[in-house]
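Here the structure comes first, spelled out in structure tokens, and everything after it is commentary.
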Amino acid sequence: MLTMTRVNPEVLRRVAAGEEFVPCVHSVGAPLVAADGTRTDDVPWPCNDLKYIVQFPQSREIWSYGSGYGGNALLGKKCFALRIASAMARDEGWLAEHMLLIRITTPEGRPYHVAAAFPSACGKTNLAMLQPTLPGWKVETLGDDIVWMKPDDDGRLRAINPEAGFFGVAPGTGEATNPVAVETLRQDVIFTNVALTDDGDVWWEGLTDEVPEHLVDWQGNDWTPADGRPAAHPNSRFTVAAAQCPTIADDWETPEGVTVDAIVFGGRRATNVPLVAQAYSWAHGVFLGATVSSERTAAAEGKVGELRRDPFAMLPFAGYNMADHWAHWLRVGDTLDPDTRPTMFQVNWFRRGADGSFLWPGFGENARVLAWMVRQVERSRAVRLDRGARPSPVGLVPDGDALDTTGLDLAEGALDELFAVDPERWKGECDLTEQFFATFDERVPTALREQLQHLRDRLDDERLS
Ligand SMILES: Nc1nc2c(ncn2[C@@H]2O[C@H](COP(=O)(O)OP(=O)(O)O)[C@@H](O)[C@H]2O)c(=O)[nH]1
Ligand SMILES: C=C(OP(=O)(O)O)C(=O)O
Ligand SMILES: [Mn+2]
């Protein structure tokens, strides 16, 4: 908790002075000496088969029992900064969201801020630490998992990162994909469920291209590549102070926060969802957030790969009814100045070709998509007057060469496939969305049902054209 949260005696003074606070208690539920005096040997991962991770949004308290997993033990994180805070935000007119926060500076030196929501293990930490491959562009990190956003007196949306550290997924974090994270992890890190090398260092799948010949796996067993099972748990994690990140912005802790220019929603989808699309309106953006879906990952329960709905990447983390959350987003949008309101986008780094391989190289190359978004924000504010987008049924997509792909070694036809919208398959997506909305009954805001109808209409037009 000392790594993940700002700790300051001022807090104690305020609590003593009677200010409101959220009482939290965590126990792994594994006492070494029980109440009756029975002693138990210590184990590497103490926990209890019986687990209760309980947030009380009305009385604003947290009881976490039986689990040692960071998501359930670091109570300032998902339990407080999302589940309890989202309920506070609903009551007080702000937003607590499962988002990363970055600053992108254009080659002309103009800074923009982007907040992006992806479900767990779908690329937030990677995007937060992105090193742009595009010359002249700069990306700085402000947060990798949670933002609190509040409209200011000028009708702009201001965001802060309420955390002080990163609790990131280790597998897939390597020199090749996320060198900034690897640099962040040089010292003072807590690793959980990773593998150990013979010289006492840590290792996980994807850290290095070369796989060590011998390891102790995350469960303490001998491991060689021939074993054919992962050496590190797929949801193994690192816990590290954000200040250690080489790309952290100088002003990342400024209490007034930064103004948000773009909001992005994304998931892990092998089919249908294009690389990037811009929402036609705030309500359409809320619809894109409400319909986020993703193939299951190791950070969630269920079968890996199965399609799962995760509206706003908040399904496991919202402290109140999800459909009410959408209504709240629509309300907050109404309080913002339409001229400077964040532009909303949807992205998908994970679309696959017929041979099963990723169509888009991802990671640092995602800067190309960010650059297009920033240019779209500039176009919406008349900073630029050229044409950057064309309409598609699912949103505005890059027009012509507005998405800079120079120097990219894309497979033949990959770009077309990345943006292909098949009206028949999308009718299926609409049916699934309708079924999903039905699970919330009449709580789904009318504006979102209208957005679904608009999408169906645009797909019909596409079929006829
Ligand atoms: N193919 C591909 N994989 C990515 C990309 N960004 C992240 N990943 C992988 O997705 C997994 C989770 O990434 P992470 O950034 O930790 O997700 P978070 O839990 O949302 O913060 C890791 O295995 C990454 O290597 C990308 O742009 N393309
Ligand atoms: C901490 C978690 O989230 P994320 O994968 O989004 O970092 C979690 O899901 O337990
Ligand atoms: Mn993360």
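Cβ coordinates come from backbone N, Cα and C, glycine included.
Per TrEMBL, the features are as follows:
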ACT_SITE  Cys122  active site
BINDING   Tyr69, Gly70, Gly71, Ser120, Asn235, Ser236, Arg237  substrate binding site
BINDING   Lys78, His98, Asp145  Mn(2+) binding site
BINDING   Ala121, Cys122, Gly123, Lys124, Thr125, Asn126, Arg237, Arg268, Phe363, Gly364, Glu365, Asn366  GTP binding site
DOMAIN    1-90  domain 'Phosphoenolpyruvate carboxykinase GTP-utilising N-terminal'
DOMAIN    94-458  domain 'Phosphoenolpyruvate carboxykinase C-terminal P-loop'
Spatial neighbours of Ala121 (GTP binding site) among the binding-site residues Tyr69, Gly70, Lys78, His98, Asn235, Ser236 [C-alpha, 10 Å]: Asn235
Cβ contacts of Arg237 (substrate binding site) (under 8 Å, same chain, 6 or more positions away): Gly70, Phe167, Gly168, Val169, Ala170, Phe191, Thr192, Asn193
Residue among the binding-site residues Tyr69, Phe363 whose Cβ has the most other Cβ atoms within 10 Å: Phe363
CB-centroid shell, 8 A cutoff, Mn(2+) site Lys78, His98, Asp145, site residues removed: Lys77, Ala81, Leu82, Ser120, Ile146, Ala313, Phe317
Listed binding-site residues with Cβ under 6 Å from ligand 3, out of Tyr69, His98, Ser120, Ala121, Thr125, Asn235: Thr125
Within 10 angstroms of Lys78 (Mn(2+) binding site), Cα basis - binding-site residues out of Gly71, Gly123, Asn235: Gly71
Site of maximum Cβ density within 10 Å, from binding-site residues Thr125, Asn235: Thr125
Those binding-site residues in Tyr69, Gly71, Gly123, Arg237, Phe363, Glu365 whose CB falls under 6 A of ligand 2, listed in sequence order: Gly71
Integer Cα-Cα distance in angstrom, Glu365 (GTP binding site) to Tyr69 (substrate binding site): 32
Pairwise C-alpha maximum, in angstrom, for the residues (Tyr69, Gly70, Gly71, Ser120, Asn235, Ser236, Arg237) that bind substrate according to the record: 14
Mean per-residue pLDDT computed across the domain 'Phosphoenolpyruvate carboxykinase C-terminal P-loop' (94-458): 96
Neighbourhood of ligand 1 - binding-site residues from Gly70, Lys78, His98, Ser236 with Cβ under 6 Å: none
Residue from Gly71, Ser120, Cys122, Asp145, Asn235 whose C-alpha is spatially nearest that of Phe363 (GTP binding site), among the recorded positions: Cys122
Number of Cβ atoms other than its own within 10 Å, given for Lys78 (Mn(2+) binding site): 23
Among Ala121, Cys122, Gly123, Lys124, Thr125, Asn126, Arg237, Arg268, Phe363, Gly364, Glu365, Asn366, the record's GTP binders - longest CA distance, Å: 24
